[in-house]
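> Sharing the record's features from TrEMBL:
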| type | residues | note |
| --- | --- | --- |
| REPEAT | A:16-54 | repeat 'WD' |
| REPEAT | A:69-101 | repeat 'WD' |
| REPEAT | A:113-146 | repeat 'WD' |
| REPEAT | A:158-189 | repeat 'WD' |
| REPEAT | A:207-239 | repeat 'WD' |
| REPEAT | A:311-349 | repeat 'WD' |
């Protein structure tokens with residue numbers, strides 16, 4: 001679709017009920033929803049459970065296939081599928097990260113990662129599925145190596161943030177880890193060649209960075225741009241020199257590209273960049289916004305414009321917005337109102 | 001009292017904002033201070049000017065004044081206010097809780113914590129904190 005012309009409309013496909021507390025986060029299964037495999041995603045909640053949702057191929061209706069419960073004893077804050085879709089990792093306020101595998105149609109907890117002192121807030125797999133990162137209130141970021149036989153070995157504990165770490169996210173192509181925090185910064189971590197992980201860059205206020213908690217970050221498809229969202233009510237876009245990176249430079253630093261402000265009037269909790277280049281944001285103002293790169297003003301470098309917006313997408317705060325893996329413009333949102341909504345972003349002709 | 005407030009919110013058009021604010025104060029004024037056998041109103045932590053409600057936007061702002069500049073219980077008082085309002089208000093209301101300007105040595109940090117809902121959620125799952133908050137909210141020792 002041409003993202004520069006025409007009007008876009010966000011159409012509600014279905015509202016999914018089942019969680020009995022706020023829904024914090026959701027994750028689409030990467031290997032489903034393409035070709036003939038029906039799309040699947042996982043959601044997690046303050047009700048201490050994880051739910052697996054699947055679209056029925058004939059009725060197109062979404063149903064809860066399974067409830068993963070009685071493993072986490074407190075809020076399940078986030079979840080992430082391994083790139084192969086075989087494993088699901090769930091991070092909980094109970095200080096553990098659980099690893100689930102679909103064995104003969106049922107999800108079983110095959111491993112529990114312990115180490116964080118208290119609440120684990122986020123979990124992320126690297127592109128090959130060989131590494132896992134977790135972060136939490138204890139200000140640390142842990143890197144886990146995936147060993148044979150469903151063993152997970154701690155490879156490194158990264159200290160550097162001065163407050164709780166809200167999210168970790170691996171770069172989509174190289175093994176460089178990004179984290180964002182209540183300390184208002186984004187940190188970039190890489191291995192130094194001797195197996196030691198170090199912070200190689202901090203994007204803070206002095207780099208045109210955020211002035212309050214950074215809640216989430218997301219990469220574009222090429223991996224040369226990064227978008228972050230914050231309690232300071234802005235969305236920021238950062239870029240790196242991908243050519244320098246590909247030509248084997250040791251590290252191409254990230255720089256602030258632009259700031260989108262004035263679009264949300266309460267904390268922006270979630271941001272996700274689609275493969276087609278559309279940035280979706282979800283916020284505590286109950287609204288969803290969409291942004292794309294603008295063709296205008298290319299002289300001064302790329303700029304971004306509002307593509308579409310949806311007020312009152314939910315009755316309460318929106319905690320997570322996630323694009324589906326297919327090319328059908330499907331988006332899921334999770335809210336404090338306990339529901340998940342499936343949306344389709346369509347172009348009006 | 002709970003029913004009175006809920007019904008006044010539901011039928012809010014018949015109440016003026018001033019009355020709504022007053023009702024709201026009635027609602028939270030009896031929360032007990034975590035460190036004293038007095039209510040928040042008795043200690044001047046809260047007054048009628050503490051609360052503003054924007055019905056149209058569905059927003060509530062509470063500013064409270066901790067008894068001393070270094071009050072270590074400021075965040076607990078804030079948690080009590082948040083829980084109490086959550087129990088008594090339509091869920092779509094957005095609540096901001098702050099210490100009044102200049103009233104606390106760590107004003108910025110207290111305000112940031114009280115308005116980070118993830119930290120609030122985690123705190124309320126902590127059994128010790130939850131018990132402290134419940135004691136403040138439901139104590140009959142007043």
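The backbone N, Cα and C atoms fix where each Cβ goes, and this holds for glycine too.
Nobody curates TrEMBL annotations by hand; they come from automatic prediction.
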> Using DSSP, what's the helix, strand and coil tally for the repeat 'WD' (A:16-54)?
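Tallying H, G and I as helix, E and B as strand, the rest coil: 0 helix, 18 strand, 21 coil.
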> What stretch, picked from A:16-54, A:69-101, A:113-146, A:207-239, A:311-349, has the most CB pairs under 8 A with the repeat 'WD' (A:158-189)?
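Looking at each of A:16-54, A:69-101, A:113-146, A:207-239, A:311-349 in turn, the most contacts to the repeat 'WD' (A:158-189) are made by A:113-146.
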> Counting Cβ pairs under 8 Å to the repeat 'WD' (A:311-349), which of A:16-54, A:69-101, A:113-146, A:207-239 comes out on top?
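That would be A:16-54.
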> What parts of the chain pack near the repeat 'WD' (A:69-101), using Cβ distances under 8 Å and only residues at least 6 beyond its ends?
21, 24-32, 42-46, 48-50, 107-114, 116-125, 127-129, 132, 134, 136, 150, 152, 167
